[in-house]
Each structure stands twice: as structure tokens, then as C-alpha cells.
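First up is the structure itself, then whatever we jot down about it.
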Amino acid sequence: MSKVYEWFDERLELQAIADDVSSKYVPPHVNIFYCLGGITFTSFLVQVATGFAMTFYYRPTVAEAFASVQYIMTDVNFGWLIRSIHRWSASMMVMMMILHVFRVYLTGGFKRPRELTWVTGVIMAVCTVSFGVTGYSLPWDQVGYWAVKIVTGVPDAIPVVGAALVELLRGGVGVGQATLTRFYSLHTFVLPLATAVFMLAHFLMIRKQGISGPL
């Protein structure tokens with residue numbers, strides 16, 4: 001194995017990269033509350049893994065969505081566990097994200113020169129909430145259906161463009177198959193991709209600027 005590693009290291013300088021990653025200075029004021037962002041990231045990875053596993057069995061149609069979720073819970077090996085972990089990690093991600101935002105705000109981590117780091121964090125917070133809204137509808141049960149109907153109806157109060165926004169969200173005048181398809185696409189592709197991109201930018205800026213100092 002050492003010869004294989006040496007072969008790759010000679011060409012890619014793996015050891016230099018590893019040394020750079022592992023030798024970053026950590027200020028002495030850093031405590032357990034600075035781990036909240038990392039826990040949020042870990043929860044996101046769990047979400048991706050368990051969500052990907054469920055896509056093999058979930059059917060995003062109004063006629064089969066609920067039955068496919070029931071199938072995952074009752075017939076798929078460990079399906080109940082995978083879905084439960086998905087739900088638990090979703091709650092964990094939201095809770096840790098909120099605590100992380102509070103920690104950053106209270107310690108002044110949003111101030112110059114870290115404004116862009118804060119902006120990417122706020123965007124990811126919006127994505128996190130959007131995960132919850134879109135995922136809530138996917139079982140297409142009574143709770144999910146009426147939640148979607150209420151949420152997508154909120155923009156109707158906006159003057160001039162409200163009705164157009166509602167139709168855009170629903171894929172039509174009423175809530176139906178087009179709505180479920182839109183929410184499924186957002187939940188499984190658009191939001192994960194957007195979150196991953198902003199996470200990368202977030203981490204690179206933290207890496208470049210370092211952890212903010214104490215108050």
C-alpha cells in the first residue's frame with residue numbers, strides 16, 4: 001500500500017494537501033458551540049444518503065406516492081429505519097442550523113470581512129427550510145396535501161404577481177400532479193445541488209479567512 005500511496009503522492013502531492021488541511025490554526029477561544037455548523041453539515045450528508053436510498057422505491061405520482069411510502073415503511077428491508085433516520089436528521093439539521101446562526105450572530109462572525117460567508121449561510125438557511133416544506137408534501141397524505149395547498153397559496157396575497165407565482169409553484173391553478181412533480185424535483189435535485197454549491201463556497205471562505213475572533 002505504501003508504494004501505491006507513494007506513486008499517487010509523487011504525481012498529486014497528496015501529502016502536501018493533507019498537511020495543509022490538518023495544520024490550519026484553530027484559535028484558543030473556539031469551543032463546542034463552534035461545532036454546530038459541522039453538525040449541520042453532517043446532518044445534510046445523512047439526508048443525502050438516506051434520501052438517495054428512498055428514491056429507489058418512492059414514486060412521485062399522486063396515485064402512488066402514499067402507497068410507495070407505506071411500502072418503504074413496511075416491506076423494504078430496514079426501510080422504516082432509513083426513513084426514520086431521514087426524518088430525524090431533517091429535524092436535527094434545522095435545529096443545528098438555527099443554533100449555528102445564533103452562535104455566529106452573537107459572536108459577531110458576520111462582520112467584515114466575513115459578510116459573504118454570512119450571505120451564503122443565510123441562503124443555505126433558506127434552502128434548509130425549503131427542504132422541509134418540499135419534503136413534507138412527498139408522502140402526499142392529507143397533511144402533506146393541505147400543507148402544500150396552504151404554502152403555495154401564500155404568494156397570492158402579493159399584488160400584481162401573486163396569482164402568477166401561485167400558478168408557477170403549483171404548475172397550474174390547483175394542487176395536483178404538476179405540484180408534486182415540482183416539489184419532488186426541488187427536494188431531490190435543485191435544493192441539494194444549490195446547498196452543495198453554497199456549502200462549498202461557505203467552506204472555502206472560512207478556510208481562507210479563518211474563524212472569527214472572540215468578542
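Each Cβ is built from the backbone N, Cα and C atoms, and glycine gets one as well.
Annotation source Swiss-Prot lists heme c binding site at CYS35, citing sequence analysis. Here Swiss-Prot flags HIS86, HIS187 as heme b 2 binding site. Annotated heme b 1 binding site per Swiss-Prot: HIS100, HIS202, in sequence order, evidence recorded as sequence analysis. According to Swiss-Prot, the feature transmembrane segment maps to 32-52, 90-110, 116-136, 186-206.
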Among the binding-site residues HIS86, HIS100, HIS202, whose Cα is within 10 A of the Cα of CYS35 (heme c binding site)?
HIS100
Output, ordered by sequence, the same-chain residues six or more apart from HIS187 (heme b 2 binding site) with a CB under 8 Å from its CB, or 'none'.
GLY51, PHE131, THR134, GLY135, LEU138
Kindly assign HIS100 (heme b 1 binding site) to one of the three DSSP-derived states: helix, strand or coil.
helix
How many other Cβ atoms sit within 10 Å of the Cβ of CYS35 (heme c binding site)?
14
Which residues does HIS100 (heme b 1 binding site) neighbour through Cβ under 8 Å, counting only same-chain ones at least six apart?
LEU36, GLY37, THR40, GLY121
Are there any residues at least 6 positions away along the chain from HIS86 (heme b 2 binding site) with a Cβ closer than 8 Å to its Cβ? List them or say none.
VAL46, GLN47, THR50, GLY51, MET54
Residue list, the transmembrane segment (90-110) vs rest of chain: Cβ under 8 Å, 6 or more residues beyond ends.
33-34, 36-37, 39-40, 43-44, 47, 117-118, 121-122, 124-125, 128-129, 131-132, 135, 212, 214-215
